[in-house]
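The repeat 'PPR' feature in TrEMBL is assigned to 108-142, 178-208, 209-243, 310-344, 411-445, 616-650, 651-685. What TrEMBL lists as domain 'DYW' is 831-921.
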């Protein structure tokens, strides 16, 4: 006996819950006892109690019931068999479920539904669809449940053709009005990207409820059709349908995709009104929305107010930190979630590693790497790919390659990351070898990867490497692909090979806007030397005759105008883009502001800025940088405060602009305050910030402190920081620290002539002429240590003229040099003294003559004789203006009664009446 007492005769109904035995085996014992008592209708009564046990969620009970039911043959009953199939499928045992199904004598629709559902829920959608067709052949008519399950399989497998056929079956069976079936049809068409078919199903429905509306909205949201989602949501509310949490999730996703903060805040208020404020999934969506709309602090508030946080909440907040460059906060959250017993998911690691890569925090990356090893996911392709990205971005290619080799089956993204990493660091041969190895491993290089490696070659200015990948593109017959072709044009132009860039461009059968953009942006990217700025302008005016420019075109060409200080051309382009309807595109508006500020036209910059419908972080950064470069430091600091008042969170670039402004004005204490403030905003200082601090401290005359700062900074020092150090040693004639700085610079880059020139000038200023001459000779004899030629540009009318040191090109004639001699004489009479100690080994007369052949002086003389008296001159230079030209231009502005702007690589100098806006702080 399986139980201790007999069931009272009056209680033979085994389905009464009060008499339910304590175990299935005890129930089976009762069943055997009642057979002996000849109780009528026992099989159906026992079937009822079996059903109750199968509905429970206990694994042990299920296992016990399964063994006994199969032993006595009750599994052959369709209803019980179907329940057993469902249970087996839930435990992932599809094979046993299949065996059980084919034991059924005559499976009905309920059994087929359980069978098809099992395959669908276990990710075997194609087999589930095949089972549906087998069922049709057995003349079993599908019910609504079967249609829903098989449509889900079609949706997950993106099996559109099968979905269309099943839709016809639904219409034939007259179930196309069933709201649940229609919802499944909507979902299937949405996932197969058939918006018109989905909308047709929706419109044909006799009625719509919150489920169908939510399904429709979710479909549009999944395809990032944010504006359409918001329009549909308005229609839904007008129809009197109350939104559910699922509805709000789709609406918030739409707001995120189009960065619509206003709609997002309205939706936030609405879901609170509907009583969903504590819904954890909506909380996670709100974090994501506020983050992508630029309000990190609001995302943080939502996260902190969540009463319960799941792993999705932590992922959303850590992702927000990654998006906003808040590395320290992201790492803190990553550690805290584990302290609270929440295990990181793969997406958690991906988010935190993205933040680490953006912050170039190598040591932190190694720590998280160790955590991934302990969690056993180091070799996961997504985590592994991000680890490779971290090490590549931090310059540790050896560690990146070690991780790469540890991934069992790297995908195209992983291969692309390591290949681009080698290419970006100028290791073209290794990148090519990896590309070929990738093919040998059966991973095809597609157009996207080829474009990426060409961009990497472009960013490292490695022409030979780019040419090798060009040959690879020809070998794989990809050179005619539009994206690859455009990348090749951009690569050649960026690397300075203008002839090949134009040749490829001219061979294009169809020169689209993208092709023109590739050429113009490639020419514009030569901004450090402004080598091809005039060619870029020529290309732009040719382009507008044949195709319509877009915002990328305008952003590229306005950058050229900024670099060349070509205000007239900038004005014309401004007028043209207004005609093209792009006037108030924010990115273009920001580019316009930058152009006007760099050209010294604060009035026009202010006009554009004030007419923008809204300012983003780029707008604030652009104006702060422009004010700082123009010497308007107080205004820059005030704008930073206003940005914070408007809840715009500063980023890396903001602090670069504000530290640069402090450096221009010698605000050492203020600079230190901002440097510390970065950490309060969760931004880890990068090398650019440290370099600016060195410049700030050194410019204020604290050379020992600046040197200590360089030597104790946590990041590896770079060439820029030590060059700033040597520049200020030169200005303050500190030979000892200058020598130490020069020694470091030569070790970093022995072929860079700038350090030799600065140190030679320092020796000369200190009266150490023999050392200066000796070093100058070393520079000339050092292989590759060629002094970068200075170039100046001036716009007369609508034409930009270029001048080099000592040039006597076609733009120059007797009148230009006559004007230079005239200025030389006038300035001497007004007390100007040339800085003849800047050249060595020559007579004073020769030195002075060479100073008057500096490119900016030639450009000014050319402008004076080719413009009306009293008009403003604007000159651009590819290097920092020298002290002699600076003093000479001050004197020229007074003698000639002209306003003169010289825009160099460091700041905007506005000369008027013998004074400069920089107050001689350059």
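Backbone N, Cα and C atoms are what each Cβ position is placed from, and that goes for glycine too.
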Interface check, the repeat 'PPR' (651-685) with the repeat 'PPR' (209-243), three or more C-beta pairs under 8 A: no
Other parts of the chain folded back onto the repeat 'PPR' (310-344), taken as Cβ under 8 Å at six or more residues beyond its ends: 280-281, 283-285, 287-288, 290-292, 296, 299-300, 303, 351-352, 354-356, 358-359, 361, 364, 368, 371, 375, 649, 651-652, 679, 681-684
Whole-number mean of pLDDT values that fall within the repeat 'PPR' (310-344): 87
Helix, strand and coil totals (DSSP H, G, I; E, B; other) for the repeat 'PPR' (209-243): 26 helix, 0 strand, 9 coil
Three-state composition of the repeat 'PPR' (310-344), taking helix and strand from DSSP: 26 helix, 0 strand, 9 coil
Structural state census, the repeat 'PPR' (178-208) (DSSP three-state): 23 helix, 0 strand, 8 coil
The repeat 'PPR' (411-445), counted residue by residue under DSSP: helix, strand, coil: 26 helix, 0 strand, 9 coil
